[in-house]
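Undergrad: According to TrEMBL, the ATP binding site annotation covers H70, D221, A222, K223, R289, F290, D298, R304, K305, A321, K325. Look at TrEMBL and you will find D72 tagged as Mg(2+) binding site. According to TrEMBL, the K(+) binding site annotation covers E98. Under the heading L-methionine binding site, TrEMBL lists E111, Q154, D298, K329. Per TrEMBL, domain 'S-adenosylmethionine synthetase N-terminal' is recorded for 59-156. The domain 'S-adenosylmethionine synthetase central' feature in TrEMBL is assigned to 172-290. Feature annotation from TrEMBL assigns domain 'S-adenosylmethionine synthetase C-terminal' to 292-431. Feature annotation from TrEMBL assigns region 'Flexible loop' to 154-164.
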Amino acid sequence: MFCTGRIPNRFIQVGIFIIWMECRWKFCYDFRCGIYDETTGRLKADGLFLKENIEMSEYLFTSESVSEGHPDKVADQVSDAILDAVLAQDPKARVAAETLVNTGLCVLAGEITTTAHVDYIKVARETIKRIGYNSSELGFDANGCAVGVYYDQQSPDIAQGVNEGEGIDLNQGAGDQGLMFGYACDETPTLMPFAIYYSHRLMQRQSELRKDGRLPWLRPDAKAQLTVVYDSETGKVKRIDTVVLSTQHDPAISHEELSKAVIEQIIKPVLPPEMLTAETKYLINPTGRFVIGGPQGDCGLTGRKIIVDTYGGAAPHGGGAFSGKDPSKVDRSAAYACRYVAKNIVAAGLATQCQIQVSYAIGVAEPTSISIDTFGTGKISEDKLIALVREHFDLRPKGIVQMLDLLRPIYSKSAAYGHFGREEPEFTWERTDKAAALKAAAGV
């Protein structure tokens, strides 16, 4: 065939299609999938949320928290209240307490092996009442809801690998296989990421004003979410871009009055004023109404808020929930130990950001792996940090329990407002008592 000087229409169509696909792929790669910093590996910008006031030298990051009245948190708190009630009588009990709450219903299930005698129904009702669901007007009443109890005992096949002196490894083995993460950074006084730390503080403030009667129209269910602007070069927080706060309320309150009170009495007293600018956006009950909430609005289950419970998405999660589990379960105890390690490394000044991963095999005491990432902020190599961790921290299940004194009824408080970043006596994994020894051993 000879060229006549004219390009057939089908060739033009194919060419346009190829160009369109290349442009579409570039858009998907750079914008839909996000632009990542090659040094830190963190998301710099997400094209679906790129905004005019966000420069390319900045990126956004978001975390959320929920209140103690959120249905999933109601379930978590009931599970941990059951755990505490059992441990108070029998510190060596094996507990895996799961809870479901729905309209007029609370179901207790799981596995508990113990010598303790606990009135599980009473514990559940008292917990729900303490949260604030004490009237049918709220859609869930601690005194009127049905409570079903369906606990079995722990499998003897699991028990022989966990109990000291039994199984192949005579030391106390891990209660399951799995991987756990710990994280710390220098963004807040408690060495927690900024967005999750202040999201929790907003929810604690909502609860405080509800319970002391200063805002009597508040109800138990609520959520907060912070979007924060970071400097891409320094990795430091520059300002708060968006605050979302949704709270259950009495039907008589107007949206205008509610919004004003939430901004002035909940948000502004909590968030650092230097981080709030004229461009900060406040989205308060964006649907306009939030009267039906709690277990009436959504079914709540133990273990569904694992990102809220940890680092707000700023660090990976191994997948295992915490609440309702005794410390023989490394899902919980090893995650606490990892936070303890990471926080002490940052407190020692050996890094400004530290993430640790450990993994376990069921029935085996020693971790199957330990890895550390300081994201380029470490004062010594990560291999040396791992050696220091092995020297200063006993990460076997029994060692963790002894190191953090975990065989006590200390878990109910942790079931709401985060397991990390809490400066209260129960939270032994928040101590920085090994920082000085780590710094001295590192020689920096």
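Indices start at 1 and increase along the chain as displayed.
Positions of Cβ are set from backbone N, Cα and C atoms, glycine also.
TrEMBL does not curate its annotations; it predicts them automatically.
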Undergrad: Taking only the binding-site residues D72, E111, Q154, K329, which one has a CA atom nearest to the CA atom of K305 (ATP binding site)?
TA: D72
Undergrad: List the helix, strand and coil residue totals of the domain 'S-adenosylmethionine synthetase C-terminal' (292-431) as derived from DSSP.
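TA: Reading the DSSP string over the domain 'S-adenosylmethionine synthetase C-terminal' (292-431) gives 52 helix, 17 strand, 71 coil.
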Undergrad: Could you check which of the binding-site residues (E98, Q154, K329) sits closest to R289 (ATP binding site), going Cα to Cα?
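TA: Of the binding-site residues E98, Q154, K329, E98 has its Cα closest to that of R289 (ATP binding site).
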Undergrad: Could you give the number of helix, strand and coil residues in the domain 'S-adenosylmethionine synthetase N-terminal' (59-156) as assigned by DSSP?
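TA: Grouping H, G, I as helix and E, B as strand yields 35 helix, 37 strand, 26 coil.
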Undergrad: Please work out the mean pLDDT for the residues of the region 'Flexible loop' (154-164).
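TA: Mean pLDDT for the region 'Flexible loop' (154-164): 65.
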Undergrad: Measure the Cβ-based neighbour count of A222 (ATP binding site), defined as the other Cβ atoms within 10 Å of its Cβ.
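TA: So the Cβ neighbour count for A222 (ATP binding site) comes to 27.
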Undergrad: Counting other CB atoms within 10 A of each CB, which of the binding-site residues D72, Q154, R289, D298, K325 comes out lowest?
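TA: Each of the binding-site residues D72, Q154, R289, D298, K325 was scored; lowest Cβ tally within 10 Å is R289.
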Undergrad: Tell me which of the binding-site residues E98, E111 sits in the most Cβ-dense spot, judged by other Cβ atoms within 10 Å.
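TA: Buried the deepest by this measure is E98.
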Undergrad: Among all the protein chains here, how many other CB atoms are within 10 A of the CB of K329 (L-methionine binding site)?
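TA: Around K329 (L-methionine binding site), other Cβ atoms within 10 Å: 23.
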Undergrad: May I ask which of the binding-site residues H70, D72, E98, D298 is closest to K329 (L-methionine binding site) if we compare their C-alpha atoms?
TA: E98
